[in-house]
Amino acid sequence: MEPGNQTPVTEFILEGLPNTRELPSLFFLLFLLLYLLTLLGNTLTLLTVLCDPQLHALPMYCFLGHLSFLDACLSSVTVPKILAGLVGPGGRAISFGGCVAQLYAFHFLCSTECFLYTVMAYDRFLAICHPLRYSVVMSRKTCLWLGASWLAWAISFGGCVAQLYAFHFLCSTECFLYTRGDEQKDLPVAGRLDVIRLPYCGPNHVEYFVCDIPAMLKLACADTATNQVVILANIGAVVASCFLLICVSYTYIASAILKIRTAQGRQRAFSTCSAHLTLVLLYYGPPVFIYLHPSSSQASDGVVAVFYTAVTPLLKPFIYTPRNKEMKKALRKLICGQTLSLHA
């Protein structure tokens, strides 16, 4: 396409998940069921923590309540758009502003969960390695401070990603406004930043089910090698630092568990962190596959991404609740109390 005839893209078409158009009704019901069960499970978990004074006062369950809220929000960012795309072709269209908003919300929630898992690992480290100091160190004030810290950090990180992406589009718009053929006139400061300028001149079909960075970079009408390196370094630094802190915490936890003399004591100590360890593996596995293999097919990336955006949030309440006596007791109390109030 000649530069003079190029027009900036203002709308994208999300292609959705591969192999779902043959049976749209079946996949619509499947994802609707997944979404409703995810909202139900995480809402019940959050209400259980909020309504039980004993659980609400314990840091581990306070963090679990935050995690349930984030999972419900993360599923709400992606799954409704998948459902809209399965209803009809019109549901797959998304404006540039909507794409930026979805990208921001997606990375904000994912980065928040990343930091929250790190805080939960530190909580388990204190509970197992320093049980006598646990109640003093992990006080309510500390929990509130940690909550405010991860929220502010996640907002700044997610905002940085969204602003960078929006800035790329603005640079490309200036490029088309000030460019005539092969002749480039004086551009504003933003327009001169050729290194990070990403012109979107078509096609506008995103071979993905959500506006995410790897899929959007493939639509740019420019060399995105530098952008891929910068974004991978940015996301990789955050994910790697959090994962490293989690590994350090569990190294100390494993060392403390091995020092316990009785098998029953070791099993009890391990059971307190097994659910969190399972969730960490489910959380970090899929994103690492997607972002460390940018040349992989969109079909494989889509299946992996759906797992941690739609399936994993559904599994988390079932991973935590059955293994925890306090949660099961509080959940039964909540359900029975609501049932008795309805019959009263």
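Glycine residues also receive a Cβ, built from the backbone N, Cα and C atoms like all the rest.
Database features (TrEMBL):
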- 26-49: transmembrane segment (TRANSMEM)
- 41-320: domain 'G-protein coupled receptors family 1 profile' (DOMAIN)
- 61-83: transmembrane segment (TRANSMEM)
- 103-122: transmembrane segment (TRANSMEM)
- 143-167: transmembrane segment (TRANSMEM)
- 235-258: transmembrane segment (TRANSMEM)
- 270-290: transmembrane segment (TRANSMEM)
- 302-319: transmembrane segment (TRANSMEM)
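Scored by C-beta pairs under 8 angstroms, the transmembrane segment (235-258) has its highest count with 103-122, from the stretches 61-83, 103-122, 270-290. For the transmembrane segment (61-83), same-chain residues at least 6 beyond its ends with a Cβ under 8 Å from one of its own Cβ atoms are 14, 16-17, 28, 31-32, 34-35, 38-39, 41-43, 45-46, 49-50, 55, 91, 94, 102, 105-106, 109-110, 112-113, 116, 119-120, 123, 143, 147, 209-210, 306, 309-310, 312-314, 316-317, 320, 326-327.
Across the residues of the domain 'G-protein coupled receptors family 1 profile' (41-320), the predicted structure has a mean pLDDT of 75.
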